[in-house]
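The next block holds one structure in the form of structure tokens; read it before the comments.
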Amino acid sequence: MPSGSGFHNIEEAGEKARKRDDWIAISNFHPGWFSVNMGTGITAILLQNLPYQFPGLHYIAVILFILNVIIFFLFLTISITRYCLWPDKFKAMLAHPAHSMLLGTFPMGFATIINCIVFICVPVWGEWASRFAWGLWWIDAAVSVAICYFVPFMLMTKHTSSLETMTAAWLLPIVAPVVAAASGGVVADSLQNDTHALITILVCYVMWGSAVPLAMVILVIYFQRLAIHKLVPRAAIVSALLPIGPLGQGGFGLMQLGVVAKRVFPRLDFLAPIAGDIFYVMGAFIAMIMWGFGLIWLWFALASFTRGKFYFNIGWWAFTFPLGVFTTATTQMGKEFNSPFFDILGTFFSIVVTCMWVLVFALTVYKSCTKELFR
């Protein structure tokens, strides 16, 4: 039997192994982990704005919001630690054809926190919380635009890629400004200063115009890839849901910006007297078209999932956010059209997203504890 010192040596070796595993986890951390923020944040937003509320639902949304903030700052701290200890890993990440695409998850996860501040904190804390959210939004918008402009150019000049290896993850850096534009509409609606709201929504329309058409181009290329080379590998099959992200969030953003434009434009005598109504109606019209386009991509994704087994990885968080933002467009149409159909459908989608969040979050915690996700 081992002596006392032998037991001590075994315990010391085990402690060193655990510390080594922790450093390996930090070393292997990548931006895709911020998709946890995206999924958690959109679930909180859906529950907070569910068309059919019940007692206690608001507090569940608040708990998810707080959890999301904690996770965000935890991941941000890990990321800063990683790149401070291993500066070369940042350059390697930018040069990586897959990991660089995941940069877009950072501002999109941050945007869900900003939206929750508006939905949850502003009604309680008042105008200063709205101004605080507005300040955070400008940071998010700047980061989103930088990623949208920089990463696709890296794809053109530095990355080695082919049509066969393409996945829908190419959309992630491009969708970031779409999410920021939609978030800007939410923030602008809470601002009491009409001039600030006007500036915000005009910037949002420009961001929307920069990103949504480019996302449509990527969708065309992605469809060609699927038609020629068939479905993506099973490890990446969950990414089949990503195309509904820019369509759902783009539609929601246009409707939300139209709501603010309808209110703010006449007050500031901006453009013609009916300009706000035109922006509102056109936003709803285009949003319906984008929502319909999203339906067929949702069908493609669901049909793809039935083609075989696939195993858990961090990419499973794609089950939550794309469908979540598609749901926000659905519930917004129910609100603007006064439609029970869209209210019920939005509620159904919200329940599905919440159930998927519970499943994926539980698996993520379990696989993180076993270190399987960091190998």
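Including glycine, each Cβ sits where the backbone N, Cα and C put it.
Look at the topological domains in Swiss-Prot: Y52 and F337 end up on the same side of the membrane. Taking the topological domain 'Extracellular' (123-135) as a whole, pLDDT averages 96 in the prediction. Counting Cβ pairs under 8 Å to the transmembrane segment (235-255), the stretch among 26-46, 168-188, 201-221, 278-298, 310-330 with the most such contacts is 310-330. The DSSP secondary structure for N193 (N-linked glycosylation site) is coil.
Between the transmembrane segment (310-330) and the listed ranges 26-46, 60-80, 136-156, 201-221, the one holding the most Cβ pairs under 8 Å is 26-46.
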